[in-house]
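Taking it in order: structure first as structure tokens, then the write-up.
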């Protein structure tokens, strides 16, 4: 009895080992089929996820329709990417143009600031020059106005002439006299000299009032203009 027990136990161990070896060894055909089935299941899961992302209808849930929709979606995406690239290039060019314009505006503002500062300096200099100096004497216009207020009767005698009273103008109204006119009257009236005397008499009041100046009338030669030449010829003949 004792010798049989170890033999039976060894047989059972060998039987279990054989069963394990049989279970671990899988035929090649069965292993390939399992791998293909797993791949198909994985692809089916990927197609289902793609259909969910593309939001396709259940009627068009075939793999061909899913692939067509995916290609169309990718074309749209690539078109949007190209348009975005073009917009990016245009924005870069516009940004460079804006930077150049900004630099030009800065230069113009700097030039304007310098011009404004120069003009302010000129205005300040002119304002300082135009300030009255209390140590100097007043202007001749002030003396003229003051003299008109003090001596209105003298100013009324010479309304057309200015009167200046000051250090630079020591002229008074009493020293002004009308210029004397010399008239030459022949024995016989000469029309030429008569016209000259009439013109001098007509111009005499105009010398005091320059506002009433009239244009002289033209005079043409007449037969009386040869009187002086005839008289000289007769005198020469008598002297011979």
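Placement of Cβ uses the backbone N, Cα and C atoms for every residue, glycine included.
Swiss-Prot assigns the feature region 'Disordered' to one of the listed ranges (128-153, 154-179, 180-205), namely 128-153. The stretch that Swiss-Prot tags with region 'Disordered', taken from the ranges 1-26, 27-52, is 1-26. Here Swiss-Prot gives coiled coil for one range in the set 64-97, 98-131: that range is 98-131. For the coiled coil (98-131), the model's pLDDT averages out at 92.
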